[in-house]
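Engineer: Not my notes, these are from TrEMBL:
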- B:8-125: domain 'Response regulatory' (DOMAIN)
- B:D58: 4-aspartylphosphate (MOD_RES)
Amino acid sequence: MALASRTRKQNAAPEKSSLISELVEIADYIAHLRTEIAALRANELTRDRLPMAHEELGCVVTATAGATNSIMTVAEEILSLPDDANYRSAVEMRMNDIFEACTFQDITGQRIGKVAEALRNLESRLSRFAAAVKARDEGGIDPEEAKRRKRNELLILNGPQVKGPATAQDEIDAMFN
Amino acid sequence: MALDLGMPILVVDDYQTMVRIIRNLLKQLGFEEVDDASDGTAALARLKNRKYGLVISDWNMEPMTGYELLRHVRADEALRTTPFIMVTAESKTENVIAAKKAGVNNYIVKPFNAATLKSKIEAVCGA
């Protein structure tokens, strides 16, 4: 009985030491995780950068729509001008309106640049975080994304191609001739 | 056979600027009777109420796409012979083949110009 008790005590010592070292490791990992989460600066992203990106892109959409509208209105006006002695001066005056409307490109370019920078920053923080915590993506995809993909597949929605049309108009024409 | 400039044309696109562009191009070509709809569902409602000589439709719209609209039109006894041109940024060969199988009369890839639109209308409605 005394021997058994002594043996248990001798075995318990390394177990305790192992447990302590595991707990220390866990504590270190939690501390590391907290540092990495802090480095993500998630509050700053959700409070400042992402709303800024939304707002800037909204402004871009509004500006491009406004410019397109102005240019089209001028073009429609030109098309309906009477063919008289004042035609040239009337067209020139409206051309200036078109040039003015085209200035949207400078501002929208700057806005898009800000959004691209915010996205680069987000990408860099996320990839650092994923590497630091050795994150692995969970299997499967988000149900909303799955639904969207299924619709796109079913209705053959590929969207515009990055480098222009995937099939040239001539090739399409050949399929209909 | 000359084009019937008096025929009503239905332009289906969810992007109002594109509707305006096509409307202006059609006006330049001499067509004055142009209606529009912002997706397939709205287009079908219009097609039930008026006989159109031509439908010019985008592909990617919600809730009903142009591809679904085309299949509805071709499946409907009263509408199945309506000429249908797809005008879209969907330029993959699989899209063109699917549209052709579904019965589209012609296919224009965006961006396009007035000459392309004119030649396709002539090919579809002037023959």
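Using N, Cα and C of the backbone, Cβ positions are placed for all residues, glycine too.
Remember, TrEMBL labels are computer predictions, not curated facts.
Just so it is clear, the model here is predicted, and its values are computed rather than measured.
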Engineer: Which residue counts does DSSP give the domain 'Response regulatory' (B:8-125) for helix, strand and coil?
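Structural biologist: Per DSSP, the residues of the domain 'Response regulatory' (B:8-125) fall into 56 helix, 21 strand, 41 coil.
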Engineer: Please work out the number of neighbouring Cβ atoms within 10 Å of the Cβ of the residue listed as '4-aspartylphosphate', leaving out its own Cβ.
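Structural biologist: The answer is 26.
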Engineer: How does the model score the domain 'Response regulatory' (B:8-125) in terms of mean pLDDT?
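Structural biologist: Average per-residue pLDDT within the domain 'Response regulatory' (B:8-125): 95.
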